[in-house]
């Protein structure tokens with residue numbers, strides 16, 4: 001004769017397996033109910049870049065890209081499908097999806113890489129590094145950062161004695 005403890009364990013196991021089977025059947029039915037004629041996944045873009053090599057534009061325009069830092073470069077994933085039409089040959093760096101997006105319009109219709117201008121002043125590089133607390137234009141922060149970088153380069157060129165001298169590499173040959 002079978003003990004009541006074994007019957008309880010067998011009954012609990014049977015109920016657990018039965019519930020698990022029902023969940024597996026429910027998950028198997030979900031993909032079947034999805035429409036099969038569904039087209040490619042479309043991603044929301046703020047604008048469309050003229051060149052995939054312009055990483056700043058791609059980062060600005062494609063809002064749902066996951067950026068992965070690799071050893072030598074930053075690789076964008078999730079760019080979607082290849083373009084279905086010919087490339088445009090426009091002087092602008094991108095084309096906005098919405099005409100009312102003023103931030104997009106200022107980003108897309110300016111030159112791709114504005115050069116930072118080095119201002120030679122009698123006050124020195126420290127005066128160039130001072131910035132105001134508010135910026136008037138959307139790209140003003142980027143311009144200020146480029147000005148700071150240019151001022152640092154100018155400072156290093158004016159004072160070469162402050163830069164470190166190159167340390168000679170260790171010789172691989174054994175000395176006798």
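Any Cβ shown, glycine's included, is placed from N, Cα and C.
Feature annotation from Swiss-Prot assigns signal peptide to 1-22; the stated evidence is sequence analysis. What Swiss-Prot records for 47-61, 49-57 is disulfide bond, and it gives similarity to another entry as the kind of evidence. The region 'Endothelin-like' annotation in Swiss-Prot covers 94-109.
In the three-state DSSP reading, residue 49 (disulfide bond) counts as strand.
Remark: residue 49 (disulfide bond) has 57, 58, 61, 62, 93, 94 as non-local neighbours, by Cβ distance under 8 Å and separation of at least 6 in sequence. Of all Cβ atoms in the shown protein chains, 22 besides its own fall within 10 Å of the Cβ of residue 61 (disulfide bond).
Within 10 Å of the Cβ of residue 47 (disulfide bond) there are 22 other Cβ atoms, across all protein chains. Looking only at the region 'Endothelin-like' (94-109), the predicted model's pLDDT averages out at 86. DSSP classifies residue 61 (disulfide bond) as helix under the three-state reduction. Residue 57 (disulfide bond) counts 20 other C-beta atoms within 10 Å of its own C-beta, drawing on all protein chains shown.
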